[in-house]
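Chemist: Annotations per Swiss-Prot:
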type	residues	note
BINDING	Cys45, Cys46, Cys111, Cys140	[4Fe-4S] cluster binding site
Amino acid sequence: MALKELFDRDWQELESEGVLFSTLEKLVAWGRSNSLWPATFGLACCAIEMMSSTDGRNDLSRFGSEVFRASPRQADVMIVAGRLSKKMAPIMRRVYDQMPDPKWVISMGACASSGGMFNNYAVVQNVDHVVPVDVFVPGCPPRPEALIYAVMQLQKKVRGEAYDARGEQLPMVEAWTR
């Protein structure tokens, strides 16, 4: 079929013949959502459950998160698993800032989401005070299936975002560096 003939035909007629119509933005969002590369930021017992989400039984790679990246420059999803001490908060922020845009954060476990049972001066009570969190995973520790569900929810969120929607920056909180 010549290109001129293709443009002269009605789009509904072409759609019935199996021609796909979409915007480039939707196509890019679909590609990004199905190729999330997580960076591990395991801080406590939740990290063990995060690691078991990639074993043969759970197989997180079925959902596009193939390999955990050791370098933040190669990752676009940070999974914060466990409690975050105030001494570790600036380091986590630095790792987050080194990740290329667009980037997302999953807060895994009760300790990362609310401080958990560690209600004291040395623990950040919510990772959201340091980096913007996109998905919270409840549990102590959450099961690997819960993390896989969180990745699937993040994929839905990524599909609905515009290409440059994640460019905002939170200021570094000086209270964590004291």
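Cβ atoms are placed via backbone N, Cα and C, with glycine included.
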Chemist: Where's the emptiest Cβ shell within 10 Å among the binding-site residues Cys45, Cys46, Cys111, Cys140?
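Modeler: Each of the binding-site residues Cys45, Cys46, Cys111, Cys140 was scored; lowest Cβ tally within 10 Å is Cys140.
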Chemist: Other residues with Cβ within 8 Å of the Cβ centroid of Cys45, Cys46, Cys111, Cys140 at the [4Fe-4S] cluster site?
Modeler: Ala44, Glu49, Ala81, Gly82, Arg83, Met108, Gly109, Ala110, Ala112, Gly116, Gly139, Pro141, Pro142
